[in-house]
C-alpha cells in the first residue's frame, strides 16, 4: 500500500493506471481542504478512482487511540498508535487569539535525554517517517474540524529531536506549506531543537522562512552538560555561533526556551550569564515553569523567582516572556510527553 504524500507521485500513479493526472489534485483537495480521511467520502471522484485508491493507497500511518483534554486551558493530548504498534503523543494548543497550534512529534522516544523531560526516559526507538509526521497533523485537524475549528500553527515540539530526523521533517514541512495541501504559512511553523548544530546549519539554508526555537536552559556549560547532555558534543559557544550564522543567513530572529528549575538555573547569576551570551543576538527568551515528571527530583521555581529572573533579563535588555503553563495537569506540558498513559 502506498501512502498519499506526493502530488507528483500520485499523478504518476494515476497516469500509469489510465486515470487523468488532474485527479491527483482533487484527491489532495479532499484530504487537505475538506479534511476527509476516507476515500469513500471523496464524492467528486469517479467510482473507478475511489476503487483504485482503496485497493492501493493509504492516507494515514497511524490512528488515535485515545485523547485527553485539560479543562483549564482546553489543551488536548492525543495518543497515536503507529502501524508497528509504537505509540507517540501529539497535542492541540488553544490560544485566546483564536490560534490553534498542533504540537507534533518527530521520533518514537528521544535520544537527547534531557534530564527534566519525560520524552527520553523510555529511550530512543526510531525516527518517524514523513507520513507518520503528517498523519499527526491530519488526525488532529480532522478532530478539530468536528468543532468547526482548524489548525493555524504547527510546532515541532513533541516527542523527539526534530533535527535528528531532518529529511523527514523537511519533507513534512514542504507538504504542510504546499498550496495544494495544508497551505500553512512558513512563519506559522516552528522547529525546536536541543542544539543540534549540523541541523541548524542545514535549516539556515532551507528555502522557507520557518521559526527556530532553541532549548537552552543554562548559559553555563557545566550545568547544561547535565540538563541537556548533547551540550557535551555541541557546547554553548559553538551553539551560539551556529545561531548567529542562522540569523545572518535567514534574517529571522530566534527563540530560546529556558525551563526554570528551583535552585538550579534560576539565580541572578544565571540570568546575568544568559544575558551575556545572548547580547547582540536577535532573539527572545521564553521562560517556562518546570513541569514535574516521574523519575526527576526537581522543583518548579517560585513565582517570585521567575519574576525576578525575567526582570533581570529585561534590565539587561534581553526580550523575555514568561510563558503560561499549558496542559500540565494532563501531562501534555513542556517536557511531559512520553506516550505512556495511566
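Each residue, glycine too, has its Cβ placed from N, Cα and C.
Feature list (source: TrEMBL):
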- 89: active site, proton acceptor (ACT_SITE)
- 96-329: domain 'Radical SAM core' (DOMAIN)
- 110, 114, 117: [4Fe-4S] cluster binding site (BINDING)
- 160, 161, 192, 215, 216, 217, 291: S-adenosyl-L-methionine binding site (BINDING)
- 334: active site, S-methylcysteine intermediate (ACT_SITE)
Practice task
Note down the number of other Cβ atoms within 10 Å of the Cβ of residue 216 (S-adenosyl-L-methionine binding site), including every protein chain shown.
Solution key: 28
Practice task
Averaged across the domain 'Radical SAM core' (96-329), what pLDDT does the model get? Just tell me the whole number, please.
Solution key: 94
Handout entry: Around the Cβ of residue 117 ([4Fe-4S] cluster binding site), the count of other Cβ atoms that are within 10 Å
Key = 24
Handout entry: From 160, 215, 216, 217, 291: binding-site residues whose CA lies within 10 A of residue 110 ([4Fe-4S] cluster binding site)
Key = 160
Fill in the blank from the handout: For residue 291 (S-adenosyl-L-methionine binding site), the closest of the recorded positions by C-alpha position, picking from 89, 114, 117, is 117
Handout entry: Rounded distance in angstrom between the Cα atoms of residue 89 (active site, proton acceptor) and residue 216 (S-adenosyl-L-methionine binding site)
Key = 23
Practice task
Round to the nearest Å and give the CA-to-CA distance linking residue 117 ([4Fe-4S] cluster binding site) with residue 160 (S-adenosyl-L-methionine binding site).
Solution key: 11
